[in-house]
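Asks: Dropping a structure here in structure tokens format, bear with me for questions.
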Amino acid sequence: MSSIYGLLNFMSATELLLAITVFCLGFWVVRALRTQVPKGLKTPPGPWGLPILGHVLTLGKNPHLSLTKLSKQYGDVLQIRIGSTPVVVLSGLDTIRQALVRQGDDFKGRPDFYSFTLITNGKSMTFNPDCGPVWAARRRLAQDALKSFSIALDPASASSCYLEEYVIKEADYLISKFQKLMAEVGHFDPDRYLVVSVTNVICAMCFGQRYDHDDQELLSIVNLSNEFGKVTGSGYPPDFIPILRYLPNSSLDAFKDLNKKFYSFMQKSVKEHYRTFEKGHIRDITDSLIEHCQDKSLDENANVQLSDDRVINIIVDLFGAGFDTVTTAISWSLMYLVTNPGVQRKIQEELDTVIGRSRRPRLCDRSQLPYLEAFILETFRHSSFLPFTIPHSTTRDTSLCGFYIPKGHCVFVNQWQINHNQELWGDPNKFRPERFLTSSGTLDKVLSGKVTLFGLGKRKCIGETIGRLEVFLFLAILLQQIEFTVSPGEKVDMTPIYGLTLKHARCEYFQAQTRSSGPQHPQA
């Protein structure tokens, strides 16, 4: 019996020694592999995570809310792990401006995510990790082409620019469609029609073409945009835990399907443009890019050429950014209008006073409609429908606010936290457009500049300016003619659904009443 106890004691001692040895070895390996923090700097703080999973469960279904809560505890620069991947999370307007603007070259990278490789075969200008001179030159080219066929003067039109012409046409269609639906059904889901009209605006700029609202090929693409947002939103687990890519995943399957359909749709349109291209007769953005491609020149400082594939990739980026963001902005705007009827009345009173009913609103009216602008800003701020920027990564070893961040580190930028910071806004949960107006009724430009939605710095949204103009003009034209409500007894659900863009539940009980006769001319 004593020999048995002795054996047990021996085994226990052996196991204990083995455990100590393994622990010490593991500790040594971790210390050896861990990036050495330069003297005077610190590693960003953060909570302890679970083995293998890291902080996946902490993020939950609403990562923007979870990380905002953590920022209150750990500060504007904190670190989490998703799987085994460390992620630095930035909050606070000053901190984010420091990173993306003042230290923009340090933070302009993109992480090499699996989901990003599925977008335009991994060659997307927006999602690709590349951020060198070739990328910068292509981005400038895309910006110039977008500007040329949006806010540049259209000599063949009475409108001030191409964008104004296209939006007026689509807004007029929506008004007549809503009126018809009211006469036939008595209520409708505005998103069903908004998404196609907004898509038609970017189609006109890219391809010089307008699609029917019942075009099945177009509908199959735009109706899958929610799946795109689910996968590309910050914190998508399969990007950080590779084994999850091989498990059944309906969102990932839909994402792959969407990208194939989207690329095929763009490829067909671009090929048709190549077939009908005439040098000197540039019809749209695609023609403009083809011309650059055939000239074999991109930028005098970048020794690269624009291949045929790159033309498609740039168009995919412009097209993708051009319909989802604007559609989401207008959709949220309508939700706020029906839940804040007093705000809607004030906007319409301003439109009647400044413009009247004898003509449509135009882009040149924007500076004279401060309350409408304040409403749009408050919609951007309160909804924060782009809660994070597309994830960034560091391009070199750097420091921020005294914290060391090594090269290649994934960085989340929490825009939602800025827009709901109580110190900045006082009552961030209240929807109050008046906060953006001065005592004299003009737009408060300083406060307006603190609303953060489209990113900052070298990776900011390429279509921000055009998107803002488009949202303004759509809303101005619609609200001049129509009053939006919901069917009596029905309520709208404004609970955000997380993704790259925050969505709300669809509402099929919208109503649109043609406004009673008002002043035909601006009031004195």
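Each Cβ is built from the backbone N, Cα and C atoms, and glycine gets one as well.
Owing to the predicted nature of the structure, the values given are computational and were not obtained by experimental measurement.
Pulled these from Swiss-Prot:
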| type | residues | note |
| --- | --- | --- |
| BINDING | PHE228 | substrate binding site |
| BINDING | CYS461 | heme binding site |
| CARBOHYD | SER71 | O-linked glycosylation site |
| REGION | 33-44 | region 'Mitochondrial targeting signal' |
Asks: I'm trying to understand the geometry here, so how far is the Cα atom of PHE228 (substrate binding site) from the Cα atom of SER71 (O-linked glycosylation site), in Å to the nearest whole number?
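Replies: About 27 Å separate the Cα atoms of these two residues.
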Asks: If you run the three-state DSSP split on CYS461 (heme binding site), which class comes out?
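Replies: CYS461 (heme binding site) sits in coil per DSSP, no helix or strand.
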Asks: Roughly how many angstrom lie between the C-alpha atoms of the residue listed as 'O-linked glycosylation site' and CYS461 (heme binding site)?
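Replies: Cα-Cα distance, the residue listed as 'O-linked glycosylation site' to CYS461 (heme binding site): 25 Å.
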Asks: Applying a 10 Å Cβ distance cut-off over all chains shown, what neighbour count does PHE228 (substrate binding site) have?
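Replies: Excluding its own Cβ, PHE228 (substrate binding site) sees 23 Cβ atoms within 10 Å.
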Asks: Count the Cβ atoms, other than its own, that fall within 10 Å of the Cβ of CYS461 (heme binding site), considering every protein chain shown.
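Replies: CYS461 (heme binding site): 18 neighbouring Cβ atoms within 10 Å.
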Asks: Can you give me the average pLDDT across the region 'Mitochondrial targeting signal' (33-44), rounded to a whole number?
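Replies: Summarising the region 'Mitochondrial targeting signal' (33-44) by its mean pLDDT gives 83.
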Asks: Just how many other Cβ atoms lie inside 10 Å of the Cβ on SER71 (O-linked glycosylation site)?
Replies: 20
